[in-house]
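Novice: The structure under discussion is supplied below as structure tokens; questions concerning it will follow.
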Amino acid sequence: MAAKPGELMGICSSYQAVMPHFVCLADEFPQPVRPAKLPKGRGRLRRPRQSRFKTQPVTFDEIQEVEEEGVSPMEEEKAKKSFLQSLECLRRSTQSLSLQREQLSSCKLRNSLDSSDSDSAL
């Protein structure tokens with residue numbers, strides 16, 4: 001007997017119910033529950049759209065004032081010294097890491113050569 005098209009998809013066409021062998025899929029992948037929508041007018045109050053776009057105008061003179069304030073030469077020198085010190089520290093740490101990597105790779109190479117020599121001695 002040929003199966004009905006609805007039964008091929010896992011639905012009993014006479015009852016419109018999920019067939020038992022497809023029930024496990026419903027348990028594994030439950031459908032997400034959507035939150036109930038609030039009726040219009042009872043949601044949170046929104047600010048008027050115009051208030052979001054209001055900003056204080058900035059003039060060219062104000063921008064120049066900020067640039068002119070600047071940092072004292074002593075603070076600038078201190079910051080530069082700190083920056084160069086951190087660069088040097090970073091360089092040393094990367095250099096030591098590369099040396100460790102080279103030592104590790106040479107050690108692995110030496111061990112692999114030693115093991116091949118011992119095999120040939122047998």
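Each residue, glycine too, has its Cβ placed from N, Cα and C.
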Novice: Looking at phosphoserine as annotated by Swiss-Prot, pick the matching residue from Ser82, Ser86, Ser93.
Specialist: Ser86
Novice: Of Ser98, Ser106, Ser112, Ser116, which one does Swiss-Prot label phosphoserine?
Specialist: Ser112
Novice: Can you tell me which of these residues Swiss-Prot lists as phosphothreonine: Thr55, Thr94?
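Specialist: Among Thr55, Thr94, the one Swiss-Prot marks as phosphothreonine is Thr55.
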Novice: If I take the alpha carbons of Ser72 (phosphoserine) and Ser96 (phosphoserine), what is the distance between them in whole Å?
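Specialist: Given the Cα positions, Ser72 (phosphoserine) is 36 Å from Ser96 (phosphoserine).
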Novice: Measure from the CA atom of Thr55 (phosphothreonine) to the CA atom of Ser86 (phosphoserine) and give the result in Å, rounded to a whole number.
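Specialist: Cα to Cα, Ser86 (phosphoserine) and Thr55 (phosphothreonine) are separated by 39 Å.
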